[in-house]
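Q: I'd like to ask you about the structure that follows.
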Amino acid sequence: MILANDELKKLISTGRLKVDPLYPDTIRENGLDLRIGGEYAIYAYEGVVIKPCELESARHLFRVVKADEVVIPPRNFALLTTEEYVKMPDDVVGFANLRSTLARYGLVIPPTIVDAGFEGNITIEVVNETPNTIVLRRGMRFLHLVLAKTEGRAQYSGLYQGQRGVTPPKGLKNEC
């Protein structure tokens, strides 16, 4: 069941769902609009062969940029972080979607789940499918998070728990 704004307000007022900072326009009809944080990550190299199964960490492949503007080159992508630190209830899952206005400029994100029990800034991959450079601004609403109740409760203990700022991918060396 997708949670409407009245249910979201209840979860926030009881402290079960935390969104910090919480702006007047964060809570929408059927989800939360989240803002671009103060840093993003892009690949530091071009033409490199990346083998995730051989990496313990991929952080060295990325350059973290602290800026008020996010520059996404043509047919490239950037890892963006939310300004908001989010703490999800253990019985609510989030489905991240790019705001449709930004999608109309040619930006897309892959299907992204914010797990029940997750806590941290949310890192999202934003792909520029166009032949043009697209520049976004820190603080603009970019992500719409739809929340839904789960049957039962979850204990999230993933590597990204508690992440602050933009977080490049982990390596998959121990999973392949």
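Here the Cβ of each residue, glycine as well, is placed from N, Cα and C on the backbone.
These came from Swiss-Prot, pasted as-is:
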BINDING   R99, S100, T101, L102, A103, R104, D115, Q163  dCTP binding site
ACT_SITE  E125  active site, proton donor/acceptor
Q: When a 10 Å sphere is centred on the Cβ of T101 (dCTP binding site), how many other Cβ atoms does it contain?
A: 10
Q: Just checking, which of R99, R104 (binding-site residues) has the fewest C-beta atoms within 10 Å of its C-beta?
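A: With the binding-site residues R99, R104, fewest surrounding Cβ atoms within 10 Å: R104.
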Q: If you pair up every Cα among R99, S100, T101, L102, A103, R104, D115, Q163, the residues annotated as binding dCTP, what's the maximum separation in angstrom, rounded to an integer?
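A: So the binding residues stretch over 30 Å, Cα to Cα.
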Q: Quick one, of the recorded positions D115, E125, which Cβ has the fewest other Cβ within 10 Å?
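A: Taking D115, E125 as the recorded positions, the minimal 10 Å Cβ count falls on E125.
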Q: By a 10 A CB contact count over all chains shown, which of the binding-site residues listed here is most packed: S100, Q163?
A: Q163
Q: L102, A103: which of these binding-site residues has the highest Cβ count within 10 Å of its own Cβ?
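A: That would be L102, with the highest Cβ count within 10 Å.
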Q: Do you know offhand how many angstrom separate A103 (dCTP binding site) and the residue listed as 'active site, proton donor/acceptor' by C-alpha?
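A: Between the alpha carbons of A103 (dCTP binding site) and the residue listed as 'active site, proton donor/acceptor' there are 13 Å.
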